[in-house]
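Annotated in TrEMBL:
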DOMAIN    203-558  domain 'AAA+ ATPase'
BINDING   Gly211, Gly212, Pro213, Gly214, Thr215, Gly216, Lys217, Thr218  ATP binding site
REGION    363-400  region 'Disordered'
Amino acid sequence: MTTVEQDRYDRRLALGATGDLADLNAAGIIEAADVHVATRLAQLVDEHDPLVRVTLALVVRAAREGSTCLEPEHAHELLTETATGEEDDLSVDVLASGASPAGNSTGDVATKDAWTDLPPADEWLQRVADSALTAAGVLRVEHGLVYLDRYHREEVQVAEDLARRAATPAPAVDEAKLAAGLQRVFPGASWTEQSDAVRTAVTRLTTVLAGGPGTGKTSTVAGLLTLLLEQAEATGRRPRIALAAPTGKAAARLRESVIESLARLSPQDRERLGTDIEAVTVHRLLGWRPDSGNRFRRGRGNPLPHDIVVVDEASMLSLTLTARLLEALRPNTRLLLVGDPDQLASVEAGAVLADLVAGYGEGGSPRDGEGDALGSHATSGWYDEAPSKEAPKRGSSPVARLETSHRFGAEIGALAEAVRVGDADRALSTLASATPGGPVQHIHVDHVLEADEALRPRLLEHALRLRRLALDGEYAAALHELGEHRLLCAHRDGPWGVGPWNDRVERWLGEATDYHGRQQVGRPLLVTANDRGLGLFNGDAGVMSLRRDGRVVGVFGEPGAPQVHAATSLADVDTAHAMTIHKSQGSQATSVTVLLPDADSRLLTRELLYTAITRAQKSVLLVGSQEAIRAAITRRTQRATGLRHRV
Ligand SMILES: Nc1ncnc2c1ncn2[C@@H]1O[C@H](COP(=O)(O)OP(=O)(O)OP(=O)(O)O)[C@@H](O)[C@H]1O
């Protein structure tokens, strides 16, 4: 457990905090933001129970870390861990009794033994359910989980919208035409998975198309759209189709991949789909509103006009965005959610895709305890199990799984699969037996200085090539080079983080050339905030280049269609010799180098390593200790959500 150092300038410390919240803050369990929100809300509704105040702070913390709710068991674990940890200034025995000791207005006394006496989960939940914060609608207790009202409402809404859509019949299909179409678009045994997936999708309004990289998801999307367009020909009305993804980069990739997959279709099918294919971000599809980050122009009163909506990279959809998307669909609009449920979940709260795959795939609806306000404890509410790889057991499941990868060489595929299923021994032996210079490599290093030495030639060579092309104003070639290699880190800061590695590459460049850091030609860029004026989106990649007139410009987009902006107009861009694995989601590079932090890093999880490895198209190099690889594969993302139990 990391403790916030007693540095009064540490931004994680809430300086004005008192009582249990201050103690938990000092122990590094909650951050200043959690303290402020909990203190303010508790004051507003006159919440006196210290247990409930602490619960609120932990629920706020949980949401900040990506959970939509708090499991009492986890809260207990956190608090107990703190009590038995190295900190000895913690004080929450009042939590056990709910009493405020006389003479202490904040209700706190320092005896850490009391941590182990926290009330049993049922009692705890009951106290939260009976609290002023719950009466005021700030907290909600359901299914043995504690929610902030907003996430509870959104989970319920998503589940209800999905249930309503499941109960609405999809437009009838001409079976004979469909059968002939499937044979034409997906000929032979090798396309059976895709053909089955399309069969699942045509009979439903909502389909979840789940599969790892290169399993043919886009080919399935293209095939499905062609066949739906063919079906609609009899009506004389062409369906309106929207292609979208959570990020601009992912949307651009979706568009490109759909265009690529047209190549294998017959001329007639290609013509059906047309080539004027556009893909946009989900935010753009729903219509940005300047006054709100979470509300859009499209909604129940002003739904999207489309008949078919496809969202790729759906693992990056947060609960909130999913709620907004579902409410913006007309009742009979088809929705296809496409993605890899084993990747990292959204940055914001929720693990929607994994929840839908696990919830529908496990076939457990309604689950035990449904309808009971407190319910049985959702111990499986943790996103701590691999989403079921089995085909959905229920005939009614809208999940179609693609299993076979058609893109990766066998070695990257084998490594990714070993990581995905949590087999550390297999992953390490795949790495140990990898062909030297082949698509999968591991450099074992115990210290970052060893990595420095080992990686310098590889990273510098790429940076120099990029700089040469940028200096020559070869925009397309520079953007292409950008996609040739990516250095991925788990952390932003620290010895294995993006910051120091960006500095390193800059220093090496400085030693090798007349390059002088920022704003200089050849600097790879990562957009960090949406700029609708420039048409740049968070996560877009680019490179500083030299224009013919000698001005420095930022070049973004795809090699075939570079977007050029004056360097001075670029406000929110970071240097991207290295980037975080989180930021790399939704994009790929020909070869990828992954820096693994020390084994005890909390960020190092199976989902993180899997996401990093699957960014590589041709080769991946893991740099770090074997212990770090084993730790990553063993540690699961811990996200508490209730959606999988509601669908
Ligand atoms: N059943 C199949 N038989 C042969 N080749 C296939 C099959 N399915 C897909 N492919 C080929 O594999 C490659 C990857 O397919 P596709 O782009 O559809 O996968 P994907 O799952 O969308 O990949 P990603 O989302 O990771 O980019 C394409 O070249 C495609 O033509």
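Note: Cβ is positioned from N, Cα and C throughout, glycine not excepted.
What TrEMBL says about a protein is an automatic prediction, not a curated fact.
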Original post:
To test your reading of the ATP site: which residues beyond Gly211, Gly212, Pro213, Gly214, Thr215, Gly216, Lys217, Thr218, same chain only, put their Cβ within 8 Å of the Cβ centroid of those residues?
Top reply: Asp340, Leu402, Ser405, His406, Arg407
**OP:** Would you count the other CB atoms within 10 A of the CB of Gly216 (ATP binding site), including those on all shown protein chains?
**Re:** 24
Original post:
DSSP on Gly211 (ATP binding site), three-state: which is it?
Top reply: strand
Original post:
Looking only at the domain 'AAA+ ATPase' (203-558), what is the mean pLDDT?
Top reply: 86
Subject >> Local backbone state of Thr218 (ATP binding site), from DSSP in three classes >> reply: helix
Subject >> Chain-internal residues, separated by at least six, CB under 8 A from Lys217 (ATP binding site) >> reply: Leu209, Gly211, Asp312, Val338, Gly339, Leu402
